[in-house]
Amino acid sequence: MAKKEVKSSLLDNMIGVGDTVLLEPLNEETFIDNLKKRFDHNEIYTYIGSVVISVNPYRSLPIYSPEKVEDYRNRNFYELSPHIFALSDEAYRSLRDQDKDQCILITGESGAGKTEASKLVMSYVAAVCGKGAEVNQVKEQLLQSTPVLEAFGNAKTVRNDNSSRFGKYMDIEFDFKGDPLGGVISNYLLEKSRVVKQPRGERNFHVFYQLLSGASEELLHKLKLERDFSRYNYLSLDSAKVNGVDDAANFRTVRNAMQIVGFSDPEAESVLEVVAAVLKLGNIEFKPESRMNGLDESKIKDKNELKEICELTSIDQVVLERAFSFRTVEAKQEKVSTTLNVAQAYYARDALAKNLYSRLFSWLVNRINESIKAQTKVRKKVMGVLDIYGFEIFEDNSFEQFIINYCNEKLQQIFIELTLKEEQEEYIREDIEWTHIDYFNNAIICDLIENNTNGILAMLDEECLRPGTVTDETFLEKLNQVCATHQHFESRMSKCSRFLNDTTLPHSCFRIQHYAGKVLYQVEGFVDKNNDLLYRDLSQAMWKAGHALIKSLFPEGNPAKVNLKRPPTAGSQFKASVATLMKNLQTKNPNYIRCIKPNDKKAAHIFSESLVCHQIRYLGLLENVRVRRAGYAFRQAYEPCLERYKMLCKQTWPHWKGPARSGVEVLFNELEIPVEEYSFGRSKIFIRNPRTLFQLEDLRKQRLEDLATLIQKIYRGWKCRTHFLLMKRSQVVIAAWYRRYAQQKRYQQIKSSALVIQSYIRGWKARKILRELKHQKRCKEAATTIAAYWHGTQARKERRRLKDEARNKHAIAVIWAFWLGSKARRELKRLKEEARRKHAVAVIWAYWLGLKVRREYRKFFRANAGKKIYEFTLQRIVQKYLLEMKNKMPSLSPIDKNWPSRPYLFLDSTHKELKRIFHLWRCKKYRDQFTDQQKLIYEEKLEASELFKDKKALYPSSVGQPFQGAYLEINKNPKYKKLKDAIEEKIIIAEVVNKINRANGKSTSRIFLLTNNNLLLADQKSGQIKSEVPLVDVTKVSMSSQNDGFFAVHLKEGSEAASKGDFLFSSDHLIEMATKLYRTTLSQTKQKLNIEISDEFLVQFRQDKVCVKFIQGNQKNGSVPTCKRKNNRLLEVAVP
């Protein structure tokens, strides 16, 4: 028992003060400093009596392991260091053992860790309650309901990556043993305006991003969705990706959680179909169309999105399209139908999307309740966990912040009331004199908001219901008239003159002084958001849907049950929900967790004192401490108190044999503690001043040191004596054992020596006999060897003699043959010399005869005259040829192939050279006429000829078409100003192409832009850039050999641009686009771009390789090529 007490006391090894009730001195500075000191040492939990303060560490800490759960299980609240598990265990044991219904109220601003705190409470309760197959199933369903609700109800905000955008209260039901039976979840005020619009830097609800990131291609195709976030107007793009968040993995977690909770596969698919319909609603756009009566009527621009929504929801397209264009108003038995202008149509679209998602979320909560509710009807114990919005103060505060802060005011009110009530009940229960405590009661603020006569909500409802023109300005005027004199209401236009010159208070705003501080509310949107109107035509269109889930979400659309009453406003609904919640909480024993956000950067190890100070003030933590300390700062049961301090008194140490209260009285009397510093309750000792407790702790610490010294002294003496007696006994035993060992060793030595001597003698005799036998054997072997060597010597001598005889005979034959050969060669040489002399004489004689003849007949030759005649004739022929060529010259057109024929054969080479020189000359003359722009065009045409002539059937039709490049004139069209500003480089091509969808083969119009360094794709409607591909990442362009405009752009594997796969386009200017892409890539990368022309080639779509095959189309397909995705591996293009 002592060991356990020393190990686990709240006051031992304390960093700062674990319970701020004991903080001395108590002020705001010391309170914050205590929290910071504990935060820096990873002590994120601190007590205010039974209230737990939790500071968000923004990182994982090893303090929630199963071992920690066991440490806090069935332990006294103050027995261990502060922890959320201690409060959870206290609440669970009170529910199980004392049959008291519990509620755990978790409050704090957004990002303070409320959602995580609620998860920890539920996980602890699940870990410590009973086991069994049925119990485990209930626990698992309760825990897995959280991921489902977080996916549909949480979103990333600037303050919190997983901010709850709805309030959740869960009643967990237990049986008499403390085992969970089920639960009931209530949700409050889902922030449905986030569906259609999100502030900058924030995201829509998680489920939209999880669905697009984690769903399979088959599911996306079924839901008619694409993975590209930019395709949907309701999704913010600047924060689509969140660091450290894997939306794909979270989607799998949500699907698994839905299955565990009890959703069937058809139900889960129906939910995802509604989510997809909400996403696609945001893509519906309207255009004005004038009617004959002069009024503008809204018409849908592109009905493809509307068609897909109707296919998803099984709604008649005509009915839904009319609901977006007309509004029907019913009054008694009259119906009036009016057209909607474009602004009203957009309002109707957004209202439908918000209502569809909000009702889906409510249906999810009800469906989860059906699965987790208790199946038995026996009496149940209940533990409620409240996780609701924290107090919100933004730069722009609207109706949502007003409602949220109203809820927090009510929670603060019940916190003050229940805290004081609990404190008072404990004093009465312990029979301690009660001291009245003064505190700020925020009931006046709650009354300002909720008063049925002149409260802000009542006036807002009155303004929404009155006939005539109702605007936000008229509502503000009404507030200025009724609330002007209220001390917590401020307005620039009120009758109160002190705010007339307040420049911090705009004319279109009002300010309320909440318990957390002053909040400025923008009045814009209060009336619309409170009305929350959905046109009856849209409700009826939804009720007519063939989709069972959607039909069930809009029961008011049933024409047979038309209700002409105005539906309750959002404010009145929320007020009623809060009243029900407060009534529920007041029936339970409260447990509080106050969550604090240490910084706005969502970073670990950063503690912003100013931010924490602000939260401490509006949470009223110092006031809570003062309430706790108003009577007695510390209280403890008699048994643990006596167990902890009994060593301070000789009468109680080491064991007290009487009642624990008597022991504590003896102890305090012995220590001479003043009587006014403490009081004895029925089961507890109450200490008034923290200094008294710290004095007890100092005395206990000093006494523990003295006891430790005494224990060490006695232990060392006992250890030395024990060691001496052991050594003495050991000496006797060792001597006896040594004598035995010495005799035994001597005997063994003698015995082993005799054995060694015997072994040596036997060995010597054996070796002697062995030597004699070996000598005899060697003698016999030596005689045989000598005889063999002698016979071998005789044989080798005979062999050498025979070889010498044979060698002498061969040498004689060789010498004789060499001499005969030498003689023959000399004779041959003599005969050759004689023959050469005879031939030389004959040659000299012939030359001599020729010389004599030439000398005799030289006077008869006319060599000079013939040469001159030949040269003259040749010159005349050439002159005549050139004069004729001058008169017969062809035209200067480079394509003219005419050329005069040659008159003589010997002029053939000259004729051809002249033709070549003339053609080069006229080509140069032709080129000199062109400007640089014309030269570039002809170079591109020449490049196109080399790439596609006789290879692509489409090429001949492109020869006569000039290459323009900029078909869209982006610089002149104001629609594309944003696109023009986003591109700083020179635009080489600007053309509208059809981008082929990778999933279904359908085409989507895109703007194709080619610059010096990049290839870009932009949305044709908005001009927003969808994809940007550096030219260095383009590896190949593939196309067919037929007369079609399809081509594929292949991207480098592993590059960022290739994450979704290659692109497949269709264009009427294929030849021009491919040629310019080839030349630009060559200029940028110094490498030729591979142009593949084949009727069948492969493209990479994400992780799959898909074959693109060109086939001959049927006549019924018309004259336009069509593209169709056959399966995961084949995409066919039918070419007419």
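Heads up, the Cβ atoms here are built off N, Cα and C, so glycines get one too.
Among the ranges 512-519, 544-551, 592-599, 904-911, the one that Swiss-Prot lists as region 'Actin-binding' is 592-599. For the domain 'IQ 1' (704-729), the list of distant contacts is 647: same-chain residues at least six beyond its ends, Cβ to Cβ under 8 Å.
DSSP classifies K287 (SUMO1 cross-link) as strand under the three-state reduction.
In this structure the alpha carbons, written CA, of G108 (ATP binding site) and K287 (SUMO1 cross-link) are 46 Å apart. Looking at S60, G108, E109, the recorded positions in this record, the fewest other C-beta atoms within 10 angstroms of the C-beta turn up around S60. Mapped onto DSSP helix, strand and coil, the domain 'IQ 3' (750-778) counts 29 helix, 0 strand, 0 coil. In sequence order, N56, N160, S163, G390, C595, K597 are the residues of the same chain, not among G108, E109, S110, G111, A112, G113, K114, T115, whose CB sits within 8 A of the CB centroid for the ATP site. For the domain 'IQ 1' (704-729), the DSSP counts in helix, strand and coil order read 26 helix, 0 strand, 0 coil.
A distance of 52 Å separates the Cα atom of K287 (SUMO1 cross-link) from that of S60 (phosphoserine). Look at the recorded positions K114, K287 and count other Cβ atoms within 10 Å of each Cβ; K287 has the fewest.
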